[in-house]
């Protein structure tokens, strides 16, 4: 039974990180109505950025945050201005192709630049583990979960307690009405991409100490992020959090109970089940 | 066209006898196989618009089925490939039917997830070799009946044959009714339903055919490489590669995916020799950028760029134009359409409250009333686009209550929409083909050209509304008024007895309004029944035998236009107390 | 002004002027182009021809959110509240473009003036009834302190009592020296409250007039009921 509890703990910790990635996806989707198929590629690139800062400049991931996160905020902003802005009113098929092309572009840029090999960080300040009750709390996972929680809290405060945050929510709920209030929706769209990708940057930095990266990790993380979004309901901060936690638990607990090699399979099955059973917002053209 | 095709075929067949380099033959074989898969994907994703990111499942099923049957049961791969195709088609139907209703993104993601589920399953399934993979037994080499040879030339021929089959199928779809039907479903499912197309059946046909063809390619691939494992044949990489090929080559075109395969596979193979492993990275960066650019500028891919140069000739019409002039038909006494006590609530609000009306054969009935009265909702409820909470609808002696949209159209009542709906990427002529009567038409029957009689009817109707010379133009490029005329012609083409028009003159110039009035009057004279929602009272005065006045979900008054004008309830509804 | 959607011309040469403290109503049947006109004025649509001036300055080509800064408030037909935000948040967003320091006092005064908003201030705006939403929208307009207010069928779907309440607020808006341009489908309501009215049919203004005389005018009857 102990190993199930341990799996549950890990599931919660990882789930918070999945939720953070899902939050970025959900924010982008809510505000700009674009489903970002390339979302997980940003995670992959964020992990590479952290890795290279560690490998070449010997910067510990913990100190990489002030470098990576603002850079990725900018990355998201630029993605909006260069590509996304042009497909906002295009037919859905064109939007799918655009983000799909972006996925390919980013993934294979990494492939060409960094090669196919798996890269991992070791010896970071966030290594090791501590006992917690009868269980083991892995420090890097704990730190990642904590960072995710802090980011969730920060974003919640931003969205609900600041003028700009409320303007962002307004744009997400009805961008026409937002314009009648004087909100510059163009800026809001760009901001949502900046925040969405910035959040992915946070997740990437904190995943690096215990998760290896390669150009191919995008597929699994994309589905993990989407599973979290559809499960938790998109559009709310709490939804992404809850969805992420559920997916983390499904992955780890079912994996521990049934078979670890099938961890992701359970997640994907849940994903499809949710799509079929709870299609609010997911059905129709 | 035919001469070019013959020359091309001859060149392709002669190629392996002229070129002996193993490298080039290998490249060609991969081009044909992936070209075939891309063509197959195109049937579902390009024509029917269901973007699949999980075609690796079908490819893998084909590869594994024929290989396992050969390895464990010494069953010939020629038969094994067919078995694989059948299995893939079945899986596709099970998987596709419940997921078709998802929005395009989620269908794509669901198929991606299914692909991963399949991969992980096969990775752990010892019966098929799990992660170790499956080595095809080599003792069957050079026995023709086992699809296994030493040299590359026989594989080349098989792969070429498969690719040719795939292209031929695409050509068949494109040149018969199936092409316009699938593309109409892609463009606007609901509008296609409103014309009587059984959307689900066509999508099922598309996915099953696509899966079967992909599986055949998978089997040939397995026989060629002689070793398969989930990483080689069941990976997302293949699914996505196929999408890239089809997109860059050109969706919903006959030659696009094959062109794409030539371009991409050759580029990959050659860059790999030049740049080593990096080659795979660099060319895909370019493909990624190309797809982004294409999404912005030319959705038809390479094929679209080629096609821009050549202009499209006006489509030939096989049948002779029919005579549209018919004898006048008097208004009948009995009702052709009767609506009783239709009620519909949305949340707490009653959009319709026990609405009833009846229409006699040959009448023109107009439905008028202020904004929010429920007129369009009534149309939705009687044509199967919304389910009424209560009430009944009858068309002659058939009950339409609760019938799905396409069935209502098949039974003889067709609607046009308030904001005109035309199919993007279809020409005016193709619209008429889509609108033809579909009763007793099976899905497989769509793989034939329309009957000459039907084509003649289409020609006559286009002539009638003045769009015959525009028949080669994309409907998107027509003016709004012309689109309304096209929608009207489509409703007539369907052969429907009762035609529902929702604000047919809204947003239309005064001259065109007069034209429409004239057309409706002429068709009505010949016996067609019309129910029209209108705000333009001049139109109502010119056409209506009877008028129903609706407000707040109720029918408040009924009568001739004169009677309605004098009705105090009507005055109050517009003017207020 | 001429305007429309792609090849479809909806507004075919409309000329209007609004003075401060005036309520001008535009009536006419559906499909006449009334909403299209408002959208064009606010900048959601680009006019194909024509000019637009506010306080003597041309505002042609100004983007919608900037129109708000120039002093134009627009309450569209149907939904204008943000359902996921609280009533207070909705109201406060009315002051989004204001930079002065009196926002808080104005806000408190509005909450006092409209007790229904005070009572529900923390609830999500999505739970308000149709009439309550309208009140919220108009209170928000007041907070904006605009020069011009565009209203598109503000009384659609409302009970008669609510309609009176809505127009009370409209009058207080006008009282502050604001020009009000209201699109109404209900002829009597429009003519009762407006200083003058114009009739739009098929994209052109058929005629203008004042109050009661319009009510009896045979042209108005023809436009709505034919004959």
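Placed from the backbone N, Cα and C atoms, the Cβ positions cover glycine too.
Taken from TrEMBL as is:
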DOMAIN    B:337-577  domain 'ABC transporter'
TRANSMEM  B:26-44  transmembrane segment
TRANSMEM  B:81-100  transmembrane segment
TRANSMEM  B:107-135  transmembrane segment
TRANSMEM  B:155-173  transmembrane segment
TRANSMEM  B:205-226  transmembrane segment
TRANSMEM  B:238-267  transmembrane segment
TRANSMEM  B:279-297  transmembrane segment
Looking at the stretches B:107-135, B:155-173, B:205-226, B:279-297, which one shares the most CB pairs under 8 Å with the transmembrane segment (B:81-100)?
B:205-226
So what pLDDT does the domain 'ABC transporter' (B:337-577) average out to?
90
Using Cβ atoms and a strict cutoff of less than 8 Å, what residues sit near the transmembrane segment (B:205-226) while being 6 or more residues removed from its termini?
29, 33-34, 36-37, 39-41, 43-45, 47-48, 50, 52, 55, 58-67, 77, 80-82, 84-93, 96, 135-136, 138, 147-148, 155, 158-159, 162, 165-166, 169, 182, 232-233, 443-444
Range from B:107-135, B:155-173, B:238-267 with the greatest count of C-beta pairs under 8 A to the transmembrane segment (B:26-44):
B:238-267
List, by number or range, the same-chain residues at least 6 past the transmembrane segment (B:238-267) whose CB is under 8 A from its CB atoms?
27, 30-32, 34-35, 37-39, 41-42, 45-47, 51-57, 59, 111-112, 115, 163, 166-167, 170-171, 174, 183, 186, 283-284, 287, 290-291, 294, 299-304, 306-307, 425
